[in-house]
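Student: The structure that follows is given in the form of structure tokens.
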Amino acid sequence: MDVRVVDHPLAKSRLSTMRDARTNSAAFRAALQELTLMLIYEATREAELAEEPIHTPVAKTTGYRIANPPLLVPVLRAGLGMADQAHRLIPEAQMGFVGLARDEETLLPTPYLESLPADLTGRPVLVLDPMLATGGSMVHTIELLVERGATDVTAICTLAAPEGVQRLEEAGLPVRVVTASIDERLNESGYIVPGLGDAGDREYGAV
Ligand SMILES: O=P(O)(O)OC[C@H]1O[C@H](OP(=O)(O)OP(=O)(O)O)[C@H](O)[C@@H]1O
Ligand SMILES: O=c1cc[nH]c(=O)[nH]1
Ligand SMILES: [Mg+2]
């Protein structure tokens, strides 16, 4: 499985803001948006381009556009904080939604929303979720996409645990991962260490 760690100094600085327990909700959301910009930028580096002739005020030249815009899929709640920024970078993208809440006892994802196009054959998909912890939520999401015919999925995660990366790899799903860090481990409660806490709670408040 292809795993790309974006360790650009600006990415490290935004991730540190997110990790810092003193960062309030508004600043956390702002840093997440800025980091999302960098992760999407890297994730789309090899996106196929279509050429078209354009006229500048001076001359005729070749213009480019994304040939096959991806479907963006934020995983609610926490992935919602990445959605607008990703859409700003790829305005022609369509967006689908998956809602999952992890059971804090079993650590299994409980699905509560699924709004996706029926046919994803031939369409790249970018899944947006700040956290890849046990990997259960991401595996569930990608299985929904694969059922619909997706074969080219990129998981955009600000942070990943080695356990989650391994789980995705073992699942044998057609996915690559773009993240700003692979942290040390999960703790006994399934939180990433050192991590940043509960991403959804830090963005929107505890439920
Ligand atoms: O890899 P996993 O062990 O499945 O954990 C990762 C999931 O946990 C968080 O969501 P959470 O369930 O806390 O929901 P929330 O976004 O509503 O807070 C996070 O946004 C992922 O979706
Ligand atoms: O550390 C973690 C693990 C799962 N979900 C989070 O929001 N944070
Ligand atoms: Mg949460």
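Just so you know, glycine gets a Cβ as well, placed from its N, Cα and C.
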Student: Which of these, Asp7, Asp20, Asp198, does TrEMBL say binds 5-phospho-alpha-D-ribose 1-diphosphate at the same site as Arg77, Arg102, Asp129, Pro130, Met131, Leu132, Ala133, Thr134, Gly135, Gly136, Ser137?
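Tutor: TrEMBL names Asp198 for this 5-phospho-alpha-D-ribose 1-diphosphate site.
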Student: Residues near the uracil site, Ile192, Gly197, Asp198, Ala199 excluded, by Cβ within 8 Å of the Cβ center?
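Tutor: Near the uracil site, beyond Ile192, Gly197, Asp198, Ala199, sit Pro130, Met131, Tyr191, Gly195, Leu196, Gly200, Asp201, Arg202.
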Student: Of Arg77, Asp129, Gly135, Ser137, Ile192, Asp198, the binding-site residues listed, which put a C-beta under 6 Å from ligand 2? Please answer none if none do.
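Tutor: Checked binding-site residues vs ligand 2; flagged Ile192, Asp198.
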Student: Across the record's 5-phospho-alpha-D-ribose 1-diphosphate-binding residues Arg77, Arg102, Asp129, Pro130, Met131, Leu132, Ala133, Thr134, Gly135, Gly136, Ser137, Asp198, the largest CA-CA distance in angstrom?
Tutor: 17
Student: Round to the nearest Å and give the CA-to-CA distance linking Gly197 (uracil binding site) with Arg77 (5-phospho-alpha-D-ribose 1-diphosphate binding site).
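Tutor: Their Cα atoms are separated by 14 Å.
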Student: Quick check: of the binding-site residues listed here (Ile192, Asp198, Ala199), which one has the Cα closest to that of Arg77 (5-phospho-alpha-D-ribose 1-diphosphate binding site)?
Tutor: Ala199
Student: Tell me whether Met131 (5-phospho-alpha-D-ribose 1-diphosphate binding site) sits in a helix, a strand or coil according to DSSP.
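Tutor: In three-state terms, Met131 (5-phospho-alpha-D-ribose 1-diphosphate binding site) counts as strand.
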